[in-house]
Amino acid sequence: MIELTLLCPADQVDAVSDALMEELDALAVTVEDADADTPDEAPIFGEPGMPATLSASIGGWQRSVVKALFNDEDAATDACTLLLAQDGEDGDSAFTDLHVQGLYPVADQDWVRLTQSQFEPVLITSEFWIVPSWHKPPAGATRVMRLDPGLAFGTGTHPTTRMCLRWIARHADLANPWPRVLDYGCGSGILAIGAGLHGARDIDAVDIDFAAVESSRANAAANGVTLHRVGLPDLAEGQYPVVLANILAAPLKLLAPLLSGHVAPGGSLVMAGLLERQIEELQATYAPWLALEVADREDGWVLLTARRP
Ligand SMILES: C[S@@+](CC[C@H](N)C(=O)[O-])C[C@H]1O[C@@H](n2cnc3c(N)ncnc32)[C@H](O)[C@@H]1O
């Protein structure tokens, strides 16, 4: 295959990508920051609830590299010629300031195998592992969650997810299982499934993202875990002995009264997605309802928990 690489200003990224995919038969288009790994690198995604940067609202980085994949050199050359010849509204070229960087051969690879090789079994405790379907469970793993990477967040490789799962493994009591659990911001459903594998019953898993809801359903079924309710956040109802929420600081602050209200007397709130520097801010926000404490730390991330008296 051949990759056509173009340097493109932010306000033309969407139009160039659309033309390549929809009119010029590109097999795939990716957009990268031309200034990545330099002092000019600019993140364009803000946290949910925070303003996005200007570039995010116009489709790309100030200097974006658009890469389009074609079956062969002829197809890539034709596409490039047609793209540069497209007329704009004023009769000039539609894509001014577009610079062709080159055509590059892409070596044939086994992409499935390459992707799979990036996901190894993840240790939560010596007994509890997250294992992709193409791996055998490691020796000594007595509790195994089968989970493959998909559209929703949560494969067990991120420290925030791992800390929540460790908390579940350490606090669940099979002789006295949690009668209800709420996984708020369930993503792949990994925390809800983790709770289910540790005996929890009546587990509700909610998320604002439909892809997460679908993926939680499918992953739970693949692990033989029954979820009670799975859907949008308004499905969460009443009080739960355990409320799990791995989101991010800004939404967790906005959700403080709601999440605190879902914690049953004697129950626990378990929150992740928070950095060391955000601890005091979160503690202050939740103080009217619950006293949050640091329960775990990993790679600059913290797990905050609180028990309702
Ligand atoms: C970091 S992922 C966590 C996924 C999974 N629970 C885990 O621990 O790996 C955060 C999830 O929260 C969801 N989310 C973000 N804001 C939310 C909100 N206000 N209410 C419910 N879910 C939210 C996102 O769609 C995403 O699936």
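Using the three backbone atoms N, Cα and C, a Cβ is placed for every residue, glycine included.
What TrEMBL says about a protein is an automatic prediction, not a curated fact.
Record note: TrEMBL gives THR161, GLY185, ASP207 as S-adenosyl-L-methionine-binding, and the candidate from ASN71, ASN246 in that site is ASN246. Non-local neighbourhood of ASN246 (S-adenosyl-L-methionine binding site): GLY154, THR160, THR161, CYS164, GLY185, GLY187, LEU191, MET271, ALA272, GLY273, each in the same chain, at least six residues away, with C-beta under 8 Å from its C-beta. What surrounds the S-adenosyl-L-methionine site, by Cβ distance within 8 Å of the Cβ centroid and not counting THR161, GLY185, ASP207, ASN246, is the set PHE153, GLY154, CYS164, ASP183, TYR184, CYS186, GLY187, ILE190, LEU191, ALA212, LEU244, ALA245, ILE247, ALA272, GLY273 from the same chain.
Taking a C-beta cut-off of under 8 angstroms and a sequence separation of 6 or more, ASP207 (S-adenosyl-L-methionine binding site) has the following same-chain neighbours: ALA152, GLY185, CYS186, GLY187, VAL213, SER216, LEU232, PRO233.
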